[in-house]
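Novice: Sharing the feature lines straight out of TrEMBL:
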TRANSMEM  6-27  transmembrane segment
TRANSMEM  48-68  transmembrane segment
TRANSMEM  99-115  transmembrane segment
TRANSMEM  121-138  transmembrane segment
TRANSMEM  150-168  transmembrane segment
TRANSMEM  183-202  transmembrane segment
DOMAIN    244-378  domain 'GGDEF'
Amino acid sequence: MTWSHWEISPFITSVFFILGVLTLFWVSQNWLITFLNTHYQRVNESIINDWYGLVYMLVFVFGMQALIVGQADAWIFMNFQLIALTFCGYFLNIRIANYYLYPLVLVFMIFNRSLGYWQSWGHALALLLFFTTLRTLRKRVPLQTKVGQVTLYFLTCAGFGLVLWWFMWLKFNLSWGTYWQEWGYLMIFEVLLYIYASMLSANAQLKQNLVSFANHDALTKTENFAAYTTAINYHLTASRQNGVPLTMMMFDIDHFKRVNDTYGHLAGDQILQHVTQVAETVFEANNPNIALYRTGGEEFNVLFPSYDLTEARLVAEQLFAAVNHLVVPFNGHQIQLSISVGIAQLQPEDTTPTEFYRRVDDNLYAAKKHGRMQIVAK
């Protein structure tokens, strides 16, 4: 087998080509997300999924079509383009408004020199309806069973495939044999796409679940000490390099052991959940970048990126007031809560995360030593 002598049929080659394009997408996307997570804390992976997926498939579609623009066989890569459309609309579930997509279709028609053909306009309209239908199936149609989901997917692909290839049949005066052959190839590609993408999605979901389990506290659902360790290392480095402040708060629930001894551990668990919910509400209302971590039994750490001591204390006082007015009902009892808080801003002498942590912990200890239900910030 040489460059000029290829024994493998075009169909087999096409199958491996499509799988290779999809594999390259998943590998490159995962690399990009890993890179951004390493250098920029808390990146929005959904936005990366949307825009990287769109750009990747646009490069794929335009790149292939550039090889045959203006030729009599300018239809030969259409199945590849439909697979790219299906992948973006159904499996990636790209959440991009339609008014971004309309200009892209028009640009492709100009690029393909097809503005003067009514068949191309019908084809473009069918493409937009196909993409919209795929997104609707993915997001809004309640699918009770896997069989129902698969059935709707293939009916949609088959129906729109017939319409889209009909426009190509009209425009290029294809034979009926070619029409049905290309539609059949499209259906085979759609089957392979569904199987392959479902396998990759399942693996990605499993990986995401494992990462989430490793970095989140099972009881409160907030991030745990492992996540805190990763975050403090990142933020400390970023603070040093960018010259921005970093402040940390540590708080714990006063007399928590007494609550457990008096009312039982179920009461303690409920209190931890209530306090976490209140804390997350307060922080989300101020700045979503404020991060809460459960680092011990009743101890929590909070990182304030780009906050100085004064700014962080203002947020801490909101939490302090909210929790100190919190009453948790349990088995007919009303459990009054309070917290003690220690806050410190990163200083030049804090050369390691441990040293920074120790200063915050010292402030928390001072708050508890002087009667609890206090904030010590210095």
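Positions of Cβ are set from backbone N, Cα and C atoms, glycine also.
Keep in mind that TrEMBL annotations are predicted by a computer and have not been checked by a curator.
Model, not experiment: these values are computed from the prediction.
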Novice: What stretch in 6-27, 99-115, 121-138, 150-168 has the biggest tally of Cβ pairs under 8 Å against the transmembrane segment (183-202)?
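Specialist: The stretch with the most close Cβ contacts to the transmembrane segment (183-202) is 150-168.
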Novice: Same chain only, please: residues at least 6 beyond the ends of the transmembrane segment (6-27) with a C-beta under 8 Å from a C-beta of the stretch. Say none if there are none.
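Specialist: Apart from its flanks, the transmembrane segment (6-27) reaches 53, 56-57, 60, 79-80, 83, 87, 185, 188-189, 192-193, 196-197, 200, 204.
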Novice: So which residues does the transmembrane segment (150-168) touch in its own chain, when a touch means Cβ under 8 Å and the partner is 6 or more beyond its ends?
Specialist: 75, 78, 82, 86, 90, 119-120, 122-123, 126-127, 129-130, 133-134, 137, 141, 143, 174, 179, 182-183, 186-187, 190-191, 194
Novice: Please give the average pLDDT for the domain 'GGDEF' (244-378) in this predicted model.
Specialist: 91
